[in-house]
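Below, the features straight out of TrEMBL:
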type     : residues                        : note
BINDING  : 23, 61, 62, 63, 85, 86, 87, 118 : 5-amino-6-(D-ribitylamino)uracil binding site
BINDING  : 90, 91, 132                     : (2S)-2-hydroxy-3-oxobutyl phosphate binding site
ACT_SITE : 93                              : active site, proton donor
REGION   : 172-203                         : region 'Disordered'
COMPBIAS : 187-203                         : compositional bias 'Basic and acidic residues'
């Protein structure tokens, strides 16, 4: 057995996309600064003209998920970092946007196999948001570390031997524990049926 962990040292070949919502840009710009700082301090070239980080601006947090998924589908990036800010108002708008953004970002990662980092800051007040975007700490830094760790970890696990990768871990376990079981049965395609008279007599 083995232990797999992402590290923060092998970053020179990693590529990232950062998707930023313009709405509440007082907050999202600060999150971006924190994110850039975190990446830069770990050896990533954050220059937009460089080869490691692309920046994509969208209207707001609601649109972040769609664009992130499209970027992830390109398979050009080791991780996508989503930055946005949703501040509670006097209507249910906050809940709708925050919930849909969270679901969409999670789905983008699951559907593409690319780490898509949830960096949508939710707060009850502007003051709360500011405190989390630079006054007391900067969540953007944390989002950068999450992206670095997951990008490195996924590179490790994607290079695992093929056992278990073709049909998923449950199929691999079924085939390992029941070596005489036909692969189609392990995959759940359909029950195995005897094909010859000899098979029928044996069954």
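Please read every residue number as a count from 1 along the shown chain.
Using N, Cα and C of the backbone, Cβ positions are placed for all residues, glycine too.
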Out of 90, 91, 93, 132, the recorded positions in the record, which is closest to residue 23 (5-amino-6-(D-ribitylamino)uracil binding site) when you go by Cα distance?
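Of all the candidates listed, 93 is nearest in space.
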Give the three-state DSSP assignment (helix, strand or coil) for residue 118 (5-amino-6-(D-ribitylamino)uracil binding site).
strand
Among the binding-site residues 85, 86, 87, which residue has the fewest other Cβ atoms within 10 Å of its own Cβ?
87
Rounded to a whole number, how many Å is the Cα of residue 91 ((2S)-2-hydroxy-3-oxobutyl phosphate binding site) away from the Cα of residue 62 (5-amino-6-(D-ribitylamino)uracil binding site)?
16
CA-CA, which of the binding-site residues 61, 86, 118 lies nearest residue 132 ((2S)-2-hydroxy-3-oxobutyl phosphate binding site)?
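Out of the listed candidates, the nearest Cα belongs to 86.
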Please report the Cα separation of residue 86 (5-amino-6-(D-ribitylamino)uracil binding site) and residue 93 (active site, proton donor) in Å, rounded to an integer.
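It is 9 Å, counting Cα to Cα.
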Going by DSSP, is residue 90 ((2S)-2-hydroxy-3-oxobutyl phosphate binding site) sitting in a helix, a strand, or coil?
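Reduced to three states, the DSSP call for residue 90 ((2S)-2-hydroxy-3-oxobutyl phosphate binding site) is coil.
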